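Please read the structure below before turning to the comments.
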Amino acid sequence: MTQDELKQLVGQAAADYVNANVPEGSVIGVGTGSTANCFIDALAAGKTRYRGAVSSSLATTARLQSHGFKVLDLNEIDSLPVYVDGADEIDHSGAMIKGGGGALTREKIVASVSDVFVCIADASKLVETLGSFPLPIEVVPMARTSIGRRVTALGGVPVVRVTKEGVPFITDNGNEIIDVKGLRISDPRTLETHVNAWPGVVTVGLFASRGADLCLLGTDTGVDTIRFSKG
C-alpha cells in the first residue's frame, strides 16, 4: 500500500473505534495533519452521533466544519472521552514526537484532558528510539536564539522553521518553531520536562508525560492495534 492508502486505512479504523467505544452525544478531540484529516473524513458519515468536536488547529477546524461538525471551545467541555491524532514518530512505550504540522501546543492541550489518546500512524512511524524526526519546540520569538544555544548544548542542531517564502513559520498561537536535529532521545519523559522548563519555551513536541494509550498502526496486511501500559 502507498502511504496515503495506509493513512486512509487507519483513519477509517479510528472512526470505527470511536463509533464502537464512545457514547452518542459525546465530544471528540481531533488532532492535526494529513492522517488526522483521514480520520475526520471517515468519521463524517456518523457525525450526527456526536455533540461536536474540539479542534487542535485552525486547519482542523476548517476541515471539521467543511463536513458539518460543530466545533466547540475546549473551555466549554466537561469531558473528552477520546482524542485522535497522528504522530511523526512513536516508540514502544507510546511516547511520541509530534508537531511536524506546527500544532503541537494545542495538540498537547487537547490530549492532556482526554480520557483515551488514540494515535493513528503507518508502520514507518514506529521506532525503537525517538529522534530521527526533528524535534519541534514552539518558542516565543524573542527567546529563539537563547533556546537555540540551549539546544546546541544538548548536542542537537537547532533549525528555525521557515515557510516556502523563507520567512519564519508562525503557529496559530503567534509563536515560532525550532526543529531540533541530531538527538537520540532515550528518555523522552525526562527530556520533555527539561526542555519545557526553559524560559521562552511554549512546549516541546515530545508527548511522553501524556503519551498514547493505543496506536492503530497501518501495515500492508491491515491495522495492528498496540496498547501501551501506563503502570
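Along the chain as shown, residues are numbered 1 onward.
Cβ from N, Cα, C; glycine included.
Per Swiss-Prot, the feature active site, proton acceptor maps to Glu107; the stated evidence is sequence analysis. Neighbour density for Glu107 (active site, proton acceptor): within 10 A of its CB lie 30 other CB atoms from the protein chains shown.
In the three-state DSSP assignment, the secondary structure recorded for Ala87 (substrate binding site) is coil. The annotation substrate binding site is assigned in Swiss-Prot to Thr32, Gly33, Ser34, Thr35, Asp85, Gly86, Ala87, Asp88, Lys98, Gly99, Gly100, Gly101, Lys125 on the grounds of sequence analysis.
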What's the longest C-alpha separation between any two of Thr32, Gly33, Ser34, Thr35, Asp85, Gly86, Ala87, Asp88, Lys98, Gly99, Gly100, Gly101, Lys125, the listed substrate-binding residues, in angstrom?
16
Mind checking which of Thr32, Ser34 has the fewest other CB atoms within 10 A of its CB? They're the binding-site residues.
Ser34
